[in-house]
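Peer 1: Before I ask anything, here is the structure I am working with.
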Amino acid sequence: MTLILGIDPGSRITGYGVVRDTGRGCEYVASGCIRTGSGELSERLRAVFSGVSEVIRTYGPVTMGIEQVFMARNADSALKLGQARGAAIVAGAEAGLQIAEYTATQVKQAIAGTGGADKQQVQMMVMHLLKLLEKPQIDASDALAIALCHAHHRQSLVPHGLIGAKRRGGRLRL
């Protein structure tokens, strides 16, 4: 059984989700949000790093999936998102986690069956797949979806011996 951490990065709210991959499916372990407030960017990035590090210490995942940066209309927002993502990746790398990156389309395809699914469709599928009785907060739901996507990709790669085949600096590029 493998514990998987999913991260939905953000400069103000970073969602996290932890699932246990049993080999026959995934079980919910934990989820939540790291709220950084509205202070200086450097302090918000430190809060992302510290928060992700604390989640890793608390739950002990061995691998992490994180969403790739998408091109936003606002270049400044995309840059800040990329920096928050970097802080989360460094926290995972510091802890020795294997890290994989997924596009939003890959996550939606893996969870809802279509890359065009909206956040509510993904949230409902996360609830169904993990047998949750209540809706998780949307950022936590997205992080759980990333963890489930990572579990799905890990299962499809293991029989072919591809896990770790394209590792660079601790990150698995798919």
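Keep in mind that glycine also has a Cβ here, set from the backbone N, Cα and C atoms.
So Swiss-Prot says this about it:
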ACT_SITE  D8  active site
ACT_SITE  E67  active site
ACT_SITE  D139  active site
BINDING   D8, D139  Mg(2+) 1 binding site
BINDING   E67  Mg(2+) 2 binding site
Peer 1: Any idea what the Cα distance is from D8 (active site) over to E67 (active site), rounded to a whole Å?
Peer 2: 6
Peer 1: Between the Cα atoms of D139 (active site) and E67 (active site), find the distance and write it as a whole number of Å.
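Peer 2: Each residue's Cα considered, D139 (active site) and E67 (active site) end up 12 Å apart.
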Peer 1: For E67 (active site), what residues in its own chain, 6 or more apart in sequence, show a Cβ-Cβ distance under 8 Å?
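Peer 2: Same-chain residues close to E67 (active site) (Cβ under 8 Å, separated by 6 or more) are I7, D8, P9, R85, E101, Y102, T103, A104, V107, D142, I146.
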Peer 1: Counting across all protein chains shown, how many other Cβ atoms sit within 10 Å of the Cβ of D8 (active site)?
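Peer 2: Its Cβ shell of radius 10 Å holds 27 other Cβ atoms.
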